[in-house]
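For reference, the structure is listed below as structure tokens.
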Amino acid sequence: MSPITTTIIITSLATGTIITSTSYHWLMAWIGLEMNTLSILPIISKQHHPRATEAATKYFLTQAAASALILFSSTINAWNSGLWDITQMTDTTSNILLTSALAMKLGLAPMHFWLPEVLQGSTMKTALIISTWQKLAPMALMIMTANNLSPTILISMGILSTMVGGWGGLNQTQTRKLMAYSSIAHLGWMATISTIMTNIMIMNLLLYLTMTTSMFLMLIMSEAKTIQDTSTSWTTSPTMSIMMMLTLLSLGGLPPLTGFLPKWLILEELTMQNMALTATIMALSSLLSLYFYLRITYTTALTTAPNTTPMKFKWRFKPTLTTILLTSTLPITLLSLPMAPLILL
């Protein structure tokens, strides 16, 4: 792909998200979502491979269907109320349709089937974009319409997503599919809290973005496409294998690390709202996710790959990936929880 083409596509991708996030009119939000979808398709299908083409087709069909549903729900609302304002969604049918459409856009269960397949058919960098940047536009719409969305459907989808994200990842060996199921589980936590306390959802989203970015960047650096590949990551960089282990534990939500902070606050808020059963189910579901994170942790940091040569390290060629982004996301990924009292106070 030529530099000019790449620049146009990346700019369109960013512009689409920004248009959706900053608009108050449903048609402008829809135009932003369409720009976003159409600009990522060439990035996914850039690898001239049947898997990439299949992934791009699946992504297009699901996102186009979700965008059509959003347009349909906003049209019904405008028909009944005469308003195209995003924050003025008063019609019940429109709200239910919008909830379903945003769930499909994000990849919440039971509309999650496209996400693991699309990530597996893409390159690691494209998977990173789909898992992080592509979640921003639907999340912005969810934040703006949080007061009008159906709480029952969102909480049900949230619980189902945390369970599917845990169960689905148990039997996987591909790191991209594992990250897809991890994404489904995290989005489930966000969906559950979205109608109760939007502030916690925004904080959870930001921490999810930094943790996922850190993890993907390390997978890109170590070229680890399967769990088996992670066992040789220490030969590339011993420091990175330790950081990967800590990032995985943070994604799992273990107490001293950042990932525990949103889970802690969400469980506390759910308990305060007399939703102890929901909190219990979600806490137990996170154990399933923790299991497959620990599997990768074990191969990354606690196993030594069989070496056929006496050389312990790979040839140190000039690294192709800059680590500037990784050095800025890793401290947040690991150390936000100790800093949280200072931030909150």
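Every residue gets a Cβ built from N, Cα and C, even glycine.
For reference, TrEMBL has these:
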type: DOMAIN; residues: 23-288; note: domain 'NADH:quinone oxidoreductase/Mrp antiporter transmembrane'
type: TRANSMEM; residues: 56-76; note: transmembrane segment
type: TRANSMEM; residues: 96-115; note: transmembrane segment
type: TRANSMEM; residues: 152-171; note: transmembrane segment
type: TRANSMEM; residues: 178-196; note: transmembrane segment
type: TRANSMEM; residues: 202-221; note: transmembrane segment
type: TRANSMEM; residues: 242-262; note: transmembrane segment
type: TRANSMEM; residues: 274-294; note: transmembrane segment
type: DOMAIN; residues: 290-344; note: domain 'NADH dehydrogenase subunit 2 C-terminal'
type: TRANSMEM; residues: 321-344; note: transmembrane segment
In contact by Cβ distance (the transmembrane segment (274-294), the transmembrane segment (178-196); 3 or more pairs under 8 Å): yes
Per-residue pLDDT averaged over the domain 'NADH dehydrogenase subunit 2 C-terminal' (290-344), given as an integer: 77
